[in-house]
Amino acid sequence: MDIRAAEISAILKEQIKNFGQEAEVTEVGQVLSVGDGIARVYGLDNVQAGEMVEFESGVRGMALNLEQDNVGVVIFGVDRDIKEGQTVKRTGAIVDVPVGKGLLGRVVDALGNPIDGKGPIVSTERRRVDVKAPGIIPRKSVHEPMATGLKSVDALIPIGRGQRELIIGDRQTGKTAIALDTILNQKPAHEGTDEKAKLYCVYVAVGQKRSTVAQFVKVLEDNGALDYSIVIAATASDPAPMQFLAPFSGCAMGEFFRDNGMHAVIIYDDLSKQAVAYRQMSLLLRRPPGREAYPGDVFYLHSRLLERAAKMGDAAGAGSLTALPVIETQANDVSAYIPTNVISITDGQIFLETDLFYQGVRPAVNVGLSVSRVGSAAQTKAMKKVAGKIKGELAQYREMAAFAQFGSDLDAATQRLLNRGSRLTELLKQPQFSPLKMEEQVAVIYAGVNGYLDAIPVNRVRAFEDGLLSTLRGRHADLLETIRTSKDLGDDAAAKLKGVVESFAKSFS
């Protein structure tokens, strides 16, 4: 065998040249105690608040309590494999998640790992989950409508891009249904080519049953809405730290769109469960409890999350992130700690009531208690013109209906008001999964506020609406297109709409 000395020496030289002299230094600590998803670790003196640490078993955790002699770490996973005396390694990284368009159509956990069995996430960028909200100067006031497709919301409680609108109500009142319809309503925009009209959807499920989340994802998939949506799931069986983190992870994913001049909406379903998870972590970390045993900084938990929803100014790309937090109340008690906190942080609330739900008013929006602090600034001119009257009429109707229970002999004006009110209430009902376009809502509400429904029996209002819409879609598509493109109800369009509604009202009876 021929041994070439020159060749061997060249190989040796190459290997010696690449030999690194620096030793790798990692800061490690030791587990003092572990239990209830919390580990006390000794020795990580330079660890940062919110930094990821890794246990011997490969499970990761987050340093939350930095105390004098130890660090309180919350564990992202099961603590069964973590034993006292094991080593814990610093990662040097604050908790971050993958972001970008590669996440669209996927279901991920609170750390951004895929849980839908569709393979790895294709993402080039990562972002920290907990960042500072945009300052005052880069923002712009909310002025573009964020259409939900629901008449009662778009007409009475309009939501704008960059707004935070709370959806609040007892369990089983249709809170998630409003969020779901909002996502489905974005489909026509995504089928078009106008990038500015597109609204990407991020849905964060916190503490829900896995079957519920699976059903939600299936509805999105069946309706072709999953392609422009991201679902982050921290279900009831996940550890409390994951439920605490999920809304922040979702927000980071939504901010990618906001900061790149695009528009997104994020739905936190729901923040009451996040607060409960945070309370559990805080109490186990021995932080002092406050009202309802929540820690003192539970307000800051939600305010720093919701302040990240914003409408950016032109200099910052003119993107937006709209937040729709959901809060579950107990027996309609909005004066509990978490509901009052979130009401004071958000720009308005959609209040859903069990009684209305069982009366068949669905969506079960209590128009009197619901409010949008952005108001008509987030409505198109066409909607503003027709919906301006409906608020006042419904307010008067509610007032009169309360009095009418006592007296039987009502004058003609009051009777007229009650008639109109009951028909408008019927008009605002809408079945699930059938969002309406803005121009269709304008036409229907126009018919209601201008008295074309007054002579029609209440139980026929739904049929009138369906008939009017099919007439408009079939024979007067150009009129709907005019309203859609101009976003206004000009004199010509109004006259044409009046003619269509009048002739339809005559033929319908």
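First residue shown is number 1, and so on along the chain.
The backbone N, Cα and C atoms fix where each Cβ goes, glycine too.
For reference, Swiss-Prot has these:
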BINDING   Gly169, Asp170, Arg171, Gln172, Thr173, Gly174, Lys175, Thr176  ATP binding site
SITE      Ser370  site 'Required for activity'
Look up Thr176 (ATP binding site) in the DSSP assignment and reduce it to helix, strand or coil. helix
Counting Cβ atoms within 10 Å across all protein chains shown, which of the recorded positions Gln172, Thr173, Thr176, Ser370 comes out on top? Thr173
Which residue among the binding-site residues Arg171, Lys175 has the fewest other Cβ atoms within 10 Å of its Cβ, if you could check? Arg171
For Gly169 (ATP binding site), write down the residues of its own chain that are at least 6 apart in sequence and whose Cβ falls under 8 Å from its Cβ; none is a fine answer. Lys175, Glu328, Thr329, Asn332, Phe351, Leu352, Glu353, Thr354, Ala364
Taking the mean position of the Cβ atoms of Gly169, Asp170, Arg171, Gln172, Thr173, Gly174, Lys175, Thr176 as the ATP site, which residues outside that list, in the same chain, have a Cβ no more than 8 Å away, listed in sequence order? Glu328, Leu352, Thr354, Phe357, Ala364
Same-chain residues six or more away whose CB lies under 8 A from the CB of Asp170 (ATP binding site)? Glu328, Thr329, Gln330, Ala331, Asn332, Leu352, Glu353, Thr354
In three-state DSSP terms, the structure that Arg171 (ATP binding site) belongs to: coil
So what sits near Gly174 (ATP binding site) in its own chain, CB-to-CB under 8 Å and at least six residues off in sequence? Leu352, Phe357, Arg362, Pro363, Ala364, Gln432
